[in-house]
Every structure is written in structure tokens, then in C-alpha cells.
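K.L.:
Got a structure here, written out as C-alpha cells. Questions coming.
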Amino acid sequence: MDLWQLLLTLALAGSSDAFSGSEATAAILSRAPWSLQSVNPGLKTNSSKEPKFTKCRSPERETFSCHWTDEVHHGTKNLGPIQLFYTRRNTQEWTQEWKECPDYVSAGENSCYFNSSFTSIWIPYCIKLTSNGGTVDEKCFSVDEIVQPDPPIALNWTLLNVSLTGIHADIQVRWEAPRNADIQKGWMVLEYELQYKEVNETKWKMMDPILTTSVPVYSLKVDKEYEVRVRSKQRNSGNYGEFSEVLYVTLPQMSQFTCEEDFYFPWLLIIIFGIFGLTVMLFVFLFSKQQRIKMLILPPVPVPKIKGIDPDLLKEGKLEEVNTILAIHDSYKPEFHSDDSWVEFIELDIDEPDEKTEESDTDRLLSSDHEKSHSNLGVKDGDSGRTSCCEPDILETDFNANDIHEGTSEVAQPQRLKGEADLLCLDQKNQNNSPYHDACPATQQPSVIQAEKNKPQPLPTEGAESTHQAAHIQLSNPSSLSNIDFYAQVSDITPAGSVVLSPGQKNKAGMSQCDMHPEMVSLCQENFLMDNAYFCEADAKKCIPVAPHIKVESHIQPSLNQEDIYITTESLTTAAGRPGTGEHVPGSEMPVPDYTSIHIVQSPQGLILNATALPLPDKEFLSSCGYVSTDQLNKIMP
């Protein structure tokens, strides 16, 4: 089979000169199998030394032309004239025959020109080069793909502006579209690309493609010469066409100074120093206005302010000074309620000044009229009555406070102890003349206070009325004035309303009378245990020693069961050891002191009086009272 094909090919090659046209030769060559071409290298359609297509272009999408080389003519072997054949494919297969180039002259040497009659834009074309009946090059394309417009024409430039430094300038470059391109009707839409460079440079600077025929060029150096060129292409298809002619741009010198290098403004340094300066200014402002800014951000807390008080005292915490200032101002003093259960002081009725000048204090004390108008030595009982007699601790506390308040002096303490014992005897004497002789004087005078350890101790105030009655009977009897002990000094006033007196003169007759009636002293034991909760030493000495002469056990026993009674342990032991203590050595008479001065004014009606200093009598001080229970008292007493 291969042999017959080889023979047929040789026959055709030998008879190629007999064919009338080159088209048949080309057709035969194209139909020749590849195997024959490999056997005969001269039949190859594309050789390194054979003609080739260089380009095919359509400047306006209406006509096109193709160009090729003729290198084969310069070779050792001459293949004959070069011919171009073309065909148009209407379908998938090439059904039409090849046709030769219609014009070899219009487009120039080694070219083929297709006018508008042979041009179809949307129909593909295939072209080939043949020499001596053989195909040397072949190519297929469409007219729209080979569009390359002609270069723009009429390039020029104008100066836009020059920089302030005179170093740079801006220009505007203008041109016109190719004359054969139908731009007005929109048959072609062209894109333009501008390139420029200095004359001595080799690399062109390209600008972005534009659709207009003018573009500004910025920052061109003065005293430099530039080259500018422009080219165009079909938008969205095709390739750029040829560049236009080069436009030379020379900018004149605008200033006397020439600058060979660019002057770059130090924007970075300016920004850095600007930020640093603003930061410094901000810190200075904050430092100078820090107090005001602090008040705006953190408002101050209002300080405590009280009218008349320095706020610094409140800040420093000096509460004592604040309390002192508050105590001075009347508006800040606390209000005492009228229903207070505690009595703060005892109100006294103060006589008029003219009344004091009429008679002495001694006469007023001895006057019965004065007793009627001013019972209990002018003391007005302001006790509310709510203080219980069973609260010795509270009364003792108030008594101690009065002693500390300079109520009595150390000189008056022995006189007070002696006077209290004498007062007991005085009451016993008065009891003989009273219809109530079976009651003990000690139970009728609870307002007279026995001093213990240089401190007055309060007694229950239930028998205050009987005490006042006894005192009134004694003072109203003129015959008994020579036998009484005169109490001239009010040493203290207890919160419960009792008055503590100091003796001025001891009467011998009174003391002897007290000793001459031991049976009356023994009778006081019964009422003492029933009415009083406390026994002091002076009472125990007078009542307990005479207990064996009178039988009062039946009277004492019921009262012991009713309540707890406490008496002084030392007084019991002393009285038991000395049964004959009822006989006392009478002392010398002492002058009667008058009210000499007012010691303290506690209120408009409360007074503490001082007496003249008197010589101290020779007597034994009563020892401090201890307390024993009722059972111990029953065991000790005979």
C-alpha cells in the first residue's frame, strides 16, 4: 500500500508543470499525507528558510492586509514566486476552494491587501503562502482580532502651572485620533496610552489608559527635555498599534536658581515634631489647670459645716472642742423633757434681800412661823417620786458626785458625824413628849444621813413627814430650846430631797438625857427593823446594848421574816464588847455658827452654804459600815 502511494506521489510531482493553475498544486499538496512529507522534506509547508507571515492588521475594521518575509529568495535554493491563497469558512468545514490574493501592490512589497469588498468582520479567514506549488506558511484569524489602529496624529502640549519653588511644572498633552478610524459614528472605540521620559533616559514612564485625546502630565522638572509618544488600540480587543511621532517638551527656566536634584519637603520630621509639641502643650495645660480639671472630673464632697464652728475642727476630729462650742451656744443645748424620772437638783426658796436683813439666820431657823411657811428648812421637794427607795446604788452615785463637787470640806466631816449621833438622841427626847412614843426616832428621820467613809449615804425617804413633825414639835416648845443641838450648816442636798446638816453645838443636857433613857433606845429596835433597810453604826450603838433589859424578841422576829435587813458588822461587835457605852463623857460647849457664805448656786432655787471653821471636837470617828445578813444579826443580838 505504501509503495503505491509513493509511486503516485512521484508521478504527480513529475507532471506538476502540466497543471494550468497553482491552486490545483496547492490542493494536491495539502492532500498529501504526512508520511510523504516526511519522506520528501521538500514538501514541508513550514521551513526555517521559507517565507513566513509577519503580521495581519486592520486599521479601521473595514479593510486588512497581511505581510510576510522572503528569506527563501536569499537562500541557495529558489523555490519560485511566493503566492498567497485565502479562504473563508462559513461552516465548520472548509467547503470552498482557495483563492489567490486580490492585491499584491496596495499594501506594499511582500503583502496582500484586502479591500472592503473582500473583508467580512465576523467571518473567519484562513491564509497560506505557497512557492512552487508547495505551502510554506498558513494562518487563520478573524478581522476583529487583527485590528491595530493607526498612530494618533497632531500631538502638542501646553503649560498648566509651575510650582512655587519654580522647580516643577505641569503640562497638558493633546492629540487627534487616526483619520481612517470612524470615531464619530462609534464604529471604533479607541483607548490611548501615553508614555514619556527624559531625553537621556532609556526607560519610558507609562500612564494609565484613557479614552480621551488629552491628558495632564505632572511634576516635570524645569530645564529638562522630555519625549512624549502615544499609541491606541481597539477597546476590549486587539493590540496596540504603532506609536505616534515623538513629541519633545522643553520647559523654560522660571527662577534664577537651578536645582539638579529634587527638593523633598521634610513632612515626616514636621509631623514628628508637631506631635511632640502638642503633647508637651497638653501636659503643661493639664499641670496648670489640674485643680479645675479635677473639680470637673471629680466634684468635691461637701465638707460638714456648722454655723459658728471652724470646719478644720471637724476635719481633724477634735470632738471635745466641738462639744464645748456646742455647749456654749443656747441653740445647740439639748432640751430636757419635763417627764424625766431623775431629779437633777433640789429647788430652794430664797428669801428676799430685805427679809434677810431683818433677822438673822438663827432666828429664822428657831421661829415657828418660819417653819409653817417654810417646812423642812425651806427646802422644796422637787422629787418626782419615781426614784425608788430600794435603789441605794443610784443614790450613792449621786451622793458621791455631790461630795466631789466641793459640797463639804474635810474640817466639817467630824462635826457631821458627831451631829448625826446627837440628832438621833434629840429625836429620842422629843419622842417622850409626843403621843407616838412607841416609835423610834431613827425611823422618823430618814432624811438625816449618816456619813460613811467621809461620804454621805442616803436613807429611804418614806419617813420624811414624821421627821418634819418631830422637828416642828421640838422647835415649837420654848422650854426645849436650851437642850437641843443647833444645826447651822446645810452641808449637802441629796438628789432624793434629803438635807445633810452639820452640828454647831452639842448640849450636855441632851446627851445626858439620851443616856438616861435606855429603855427608849431598846424600843427603837423593833421599828428600825421593820421600816429601814440599813443600820448604821450610830444607831446600833444606841439600840443594841440595852436589848437585854427589855424583851423585844417577839417584836423583832416577825419583821425579820418580811424583808432582808443589813446592819453594820463592826457596830454590832463594838456594841457587844462595850455594854456600857450608853454613858458618854459630855463635851465642852461650842459656839453656834451662823450661815456665813453661799458656796455654790446650783440653780435659781438651789444653794450650798458654807459655815465658819470651828475647832474640831475630840471624838472617835465612826468606822466604815460593813453589812451582815438578818440571820447573822439574830445570832449576835441577845
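Backbone N, Cα and C atoms are what each Cβ position is placed from, and that goes for glycine too.
Dumping what Swiss-Prot says about this protein:
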- 1-18: signal peptide (SIGNAL)
- 19-264: topological domain 'Extracellular' (TOPO_DOM)
- Asn46: N-linked glycosylation site (CARBOHYD)
- Cys56-Cys66: disulfide bond (DISULFID)
- Cys101-Cys112: disulfide bond (DISULFID)
- Asn115: N-linked glycosylation site (CARBOHYD)
- Cys126-Cys140: disulfide bond (DISULFID)
- Asn156: N-linked glycosylation site (CARBOHYD)
- Asn161: N-linked glycosylation site (CARBOHYD)
- Asn200: N-linked glycosylation site (CARBOHYD)
- 240-244: motif 'WSXWS motif' (MOTIF)
- 265-288: transmembrane segment (TRANSMEM)
- 289-638: topological domain 'Cytoplasmic' (TOPO_DOM)
- 297-305: motif 'Box 1 motif' (MOTIF)
- 340-349: motif 'UbE motif' (MOTIF)
- Ser341: phosphoserine (MOD_RES)
- Tyr487: phosphotyrosine (MOD_RES)
- Tyr595: phosphotyrosine (MOD_RES)
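Tell me about the surroundings of these features in the structure.
P.N.:
The average pLDDT computed over the topological domain 'Extracellular' (19-264) stands at 79.
When secondary structure is read from DSSP and collapsed to three states, Cys66 (disulfide bond) falls in the strand class. The number of other Cβ atoms within 10 Å of the Cβ belonging to Cys66 (disulfide bond), over all protein chains shown, comes to 24.
Under the three-state DSSP scheme, Cys101 (disulfide bond) falls in the coil class. Within the same chain, the residues at least 6 positions away from Cys101 (disulfide bond) whose Cβ sits under 8 Å from its Cβ are Gln83, Leu84, Phe85, Tyr86, Cys112, Tyr113, listed in sequence order.
Classification of Asn115 (N-linked glycosylation site) by DSSP places it in coil, neither helical nor stranded. Same-chain residues at least 6 positions away in sequence with a Cβ under 8 Å from that of Asn115 (N-linked glycosylation site) are, in sequence order, Thr63, Pro102, Asp103, Ser106.
Secondary structure from DSSP puts Cys126 (disulfide bond) in a beta strand. Cβ contacts within 10 Å of Cys126 (disulfide bond), excluding its own Cβ and spanning all protein chains shown: 15.
Asn156 (N-linked glycosylation site) falls within a strand segment according to DSSP. In sequence order, Val173, Arg174, Trp175, Leu247 are the residues of the chain that are 6 or more apart from Asn156 (N-linked glycosylation site) and have a CB within less than 8 Å of its CB.
Residue density at Asn161 (N-linked glycosylation site): 10 other Cβ atoms are found within 10 A of its Cβ, drawing on all protein chains shown. DSSP assigns Asn161 (N-linked glycosylation site) to a strand in the three-state reduction.
Mapped onto three states, the DSSP output places Asn200 (N-linked glycosylation site) in coil.
Distant neighbours of the motif 'WSXWS motif' (240-244): 57, 59, 148-153, 155, 175, 178, 193, 195, 229-233; these residues of the same chain sit at least 6 beyond its ends, with a Cβ under 8 Å from one of its Cβ atoms.
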K.L.:
Would you mind ranking the disulfide-bonded residues Cys56, Cys112, Cys140 by how many other Cβ atoms sit within 10 Å of each Cβ and giving me the lowest?
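P.N.:
Selected from the disulfide-bonded residues Cys56, Cys112, Cys140 on minimum Cβ neighbours within 10 Å: Cys140.
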K.L.:
Same chain only, sequence gap of 6 or more: which residues have a CB within under 8 Å of the CB of Asn200 (N-linked glycosylation site)?
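P.N.:
Non-local contacts for Asn200 (N-linked glycosylation site): none found.
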K.L.:
Return the member of Cys56, Cys66, Cys126, Cys140 nearest to Asn161 (N-linked glycosylation site) in space, with distance defined Cα to Cα and candidates limited to these disulfide-bonded residues.
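P.N.:
Sorting the disulfide-bonded residues by distance from Asn161 (N-linked glycosylation site), the top entry is Cys56.
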K.L.:
How many whole Å apart are the CA atoms of Cys140 (disulfide bond) and Cys56 (disulfide bond)?
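P.N.:
With the alpha carbons as reference points, the distance is 10 Å.
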K.L.:
Specify the secondary structure state of Cys140 (disulfide bond) as given by DSSP, simplified to three classes.
P.N.:
strand
K.L.:
Which secondary structure state does DSSP assign to Cys56 (disulfide bond), in the simple three-class scheme?
P.N.:
strand
